[in-house]
Amino acid sequence: MSELPPATDTAPPRMAVVLERRRQHPLGPLLRLQGMGQALVVGVFAGGSGGGWMRLLSVVPILLLIAVRVVEWARTSYEVADGALRVDSGLLTRRRREVPLDRVQQVDVRRGLRHRLFGLSQVTVDAAGASGGEVSLILSNADTARFRGVLVPVVTRETAAVEAERADGGDGAGPGPLVRLRPGQLALAGVTGAKQLVMLAVLGSALQLLDNVPADVREAVAERLPRGTGWLIAAAVLAVPAWVALAAVAQLATDLGFTLTSDGSVLNVRRGFPTEREASLPLDRVQVVRVGQTLLRRPLGLVSVQVSAAGSGSSAEAQVSRLTVPILPAERLDHLVGAVLAGATPLPPLAAAPPAARRRQVLRRVVPAVAVAGAAAALLWPWGLVAALVVPAAAAAGELAYRGLGHARTGTHMVARRGGLGQRTVVLPVARTQSARVRQTLLQRRAGLATLSLDAAGRGNVAVAIDLPAEEAVRLAEGAATAAAARADERLLRRR
């Protein structure tokens, strides 16, 4: 009879060393000293009147700072082992930062012009938890590929296990591009989206620069400018295409080469020129999906999509990790949402708000408009009567806001829409609901209406359904808190 092998008390390690300990790239300290070159030149010339010794003394603080950065680099190292990313650092006091891989929210890669010049990348690992959850490393492109190749698959295994146990079907996508945007599409996104506000920032900066110009110079330039109404009209006409072109260029600079891919467990996005950015977001971290549609995009059948994950504990005040698709044909929306949120598609038709909500939406806008118009007419008679035009405009805005209200509840997801000129639809998995709130103002109570808010993890991750029938709002809130999917998700989170 064969004998059983002797039992041992030695437990296998949870995970071996996946990435051996190494340092950042030696040029990292120099890239972190942004603006030091300019300060060095200013220091040298500022001390010119005092002779050579004064020039030397003026740059000593900068040289000391460079020396400190070099020593910090020499005493900073990282490794991936035992299911965690470990970063050791500290100039006088040694610190060890340990980030469990199952807490990683996002892995970002950024390559600016100075990074590309030296073949480097800035890698940022965003982790959930306490403050200081963000780890930033400057690595060579080869080390960056190795780092992401190690970190992302380890996180993906955890993600795949959770999704396999919780999911009960959906339109999850396998490897391949989900969205790839051409330059023409990105230019259209800039023209029809928020990038139009870039011109306001440019004008503000230009006005600040004008304040620094001597008054005599401004007067001399003003005297040389052509005068007359014709020139003003021509300048206004030329400003319109310049405004549009600047919005398109700003969008191209942010998202040129936009490509969103998924391997079924992790979203990966690459975008931007001249600064290229890469980001990875595990699908099991996704809390909500927001679909936006501006007034200009609505007749074109275009939308934007924002995928939001739980807030991190980074130094950015726990802001939400986001991936944004700047423009997308509406007919492809179900495909993208289904790849991000299993079981969410096809998106259901939304139930309209009750008639009482129309009165409320209109009155909320008309009453203040009447007050403003009356005050203007009394103070600026008779020209103040022109302000009466805001009253029908306010009524029209209220009607648009009412038509923009809608909500729906499927077995696993809550969908809520609001907005008049610009509409925003939020898709929230019931399993991600952290709390449900039903709120009624005095006027809502009289009309039998209520506002339902479903909160997910992270700042701003909330689905709000405005002016629902009060009984339905209470029923949806209770259902979100007691849904089987939510209980299953809670058990999985406790186990992790």
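Even glycines carry a Cβ here, placed using N, Cα and C.
Across the domain 'YdbS-like PH' (73-146), the prediction's mean pLDDT works out to 83. Taken from TrEMBL, the feature domain 'YdbS-like PH' applies to 73-146 (among others).
Look at TrEMBL and you will find 259-333 (among others) tagged as domain 'YdbS-like PH'.
Residues or ranges marked as domain 'YdbS-like PH' by TrEMBL: 402-477 (among others).
Here TrEMBL flags 53-71 (among others) as transmembrane segment.
Annotated transmembrane segment per TrEMBL: 186-210 (among others), in sequence order.
Note on the transmembrane segment (230-250): residues 186-188, 190-191, 193, 195-196, 198-199, 202 of its chain, located 6 or more positions outside it, place their CB under 8 angstroms from a CB of the stretch. The annotation transmembrane segment is assigned in TrEMBL to 230-250 (among others).
Residues or ranges marked as transmembrane segment by TrEMBL: 366-391 (among others).
Distant neighbours of the transmembrane segment (186-210): 218, 242-244, 246-252, 254-256, 258, 294, 296-297, 300, 302, 304, 326-327; these residues of the same chain sit at least 6 beyond its ends, with a Cβ under 8 Å from one of its Cβ atoms. Sorting the domain 'YdbS-like PH' (402-477) by DSSP state (H, G, I as helix; E, B as strand; all else coil) yields 20 helix, 37 strand, 19 coil. Distant neighbours of the transmembrane segment (366-391): 398; these residues of the same chain sit at least 6 beyond its ends, with a Cβ under 8 Å from one of its Cβ atoms. DSSP labels the residues of the domain 'YdbS-like PH' (73-146) in these numbers: 16 helix, 40 strand, 18 coil.
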